[in-house]
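Features of the protein shown, as given by Swiss-Prot:
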- 10, 11, 12, 13, 14, 15, 127, 200: ATP binding site (BINDING)
- 30-59: region 'NMP' (REGION)
- 31, 36, 57, 58, 59, 85, 86, 87, 88, 92, 160, 172: AMP binding site (BINDING)
- 126-163: region 'LID' (REGION)
- 130, 133, 150, 153: Zn(2+) binding site (BINDING)
């Protein structure tokens, strides 16, 4: 099961991705995490990435694709994976398709989580994570079972992203609609796109996604 979750900031991709990970045992692959791991392990592509970053430049698409390719060759991806935050552009999406095809693989599905902009602002402003394990929470609709204690690891330390506030939501959404939303049409044309109502209760969104996945 090889998946991509699409949706604007605050749509709930992280929450739903973690539920898929827990149920199906496939890893959630973040480009940031993969990049740091490749640099730390000093893989060939990791060394290329480090040289670019040390020069103060942005890592190119071809290096990112190479890092993703290297990561999905690992044993824990043998039954599938979830791509988190990637691809972001049509160029990256096309390169990802070609990279998978070389391996004899293809995406199983692309799940779009749809949420209206005004709801996103409320969601983003209220979310926070466990500083220890990264489990996500929300002030209103996803609180820890015991106040101040992480459900997953028991930590009492939490943090909020500096850009998780109403002032930056508009800018982040504009960037999403300009760069990433064209992927919706791209994957629809390929017959891979499945849209779910991200404005429903969290468990209902999970149920809708499960309906999609069970039909693959």
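Note that Cβ sites are derived from N, Cα and C of the backbone, with glycine treated the same way.
Shown here: features listed in Swiss-Prot, placed on the structure.
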| residue | record | contacts (Cβ under 8 Å, 6+ apart) |
| --- | --- | --- |
| 12 | ATP binding site | 113, 115, 123, 198, 202, 205 |
| 15 | ATP binding site | 136, 142, 202 |
| 59 | AMP binding site | 35, 49, 52, 53 |
| 88 | AMP binding site | 179, 180, 183 |
| 127 | ATP binding site | 10, 136, 137, 138, 139, 142, 160, 161, 164 |
| 130 | Zn(2+) binding site | 137, 150, 152, 153, 155, 157, 158 |
| 133 | Zn(2+) binding site | 150, 152, 153, 155 |
| 200 | ATP binding site | 208 |
Summary of DSSP states over the region 'NMP' (30-59), given as helix, strand and coil counts: 22 helix, 1 strand, 7 coil
Whole-number Å distance separating the Cα atoms of residue 13 (ATP binding site) and residue 86 (AMP binding site) is 12
By a Cβ-Cβ criterion of under 8 Å, what residues six or more beyond either terminus of the region 'NMP' (30-59) are in contact with it? 66-68, 70-71, 84-86
Model confidence over the region 'LID' (126-163), averaged pLDDT: 94
Site extent for ATP (largest Cα pair distance over 10, 11, 12, 13, 14, 15, 127, 200, Å): 17
If you count the other CB atoms within 10 A of the CB of residue 10 (ATP binding site), including all protein chains displayed, you should get 26
Taking a Cβ cut-off under 8 Å, which residues six or more beyond the ends of the region 'LID' (126-163) line up next to it in the same chain? 10, 14-15, 18, 172, 201-202
Which residue among the binding-site residues 14, 57 has the fewest other Cβ atoms within 10 Å of its Cβ, if you could check? 57
Across the record's AMP-binding residues 31, 36, 57, 58, 59, 85, 86, 87, 88, 92, 160, 172, the largest CA-CA distance in angstrom? 29
For residue 11 (ATP binding site), which of the binding-site residues 31, 57, 86 has the nearest Cα in space? 86
Output the one of 13, 160 that, of all these binding-site residues, has the highest number of other Cβ atoms within 10 Å of its Cβ. 13
The correct DSSP tally for the region 'LID' (126-163) reads 1 helix, 12 strand, 25 coil
Which number gives the other C-beta atoms within 10 angstroms of the C-beta of residue 150 (Zn(2+) binding site), all protein chains shown included? 21
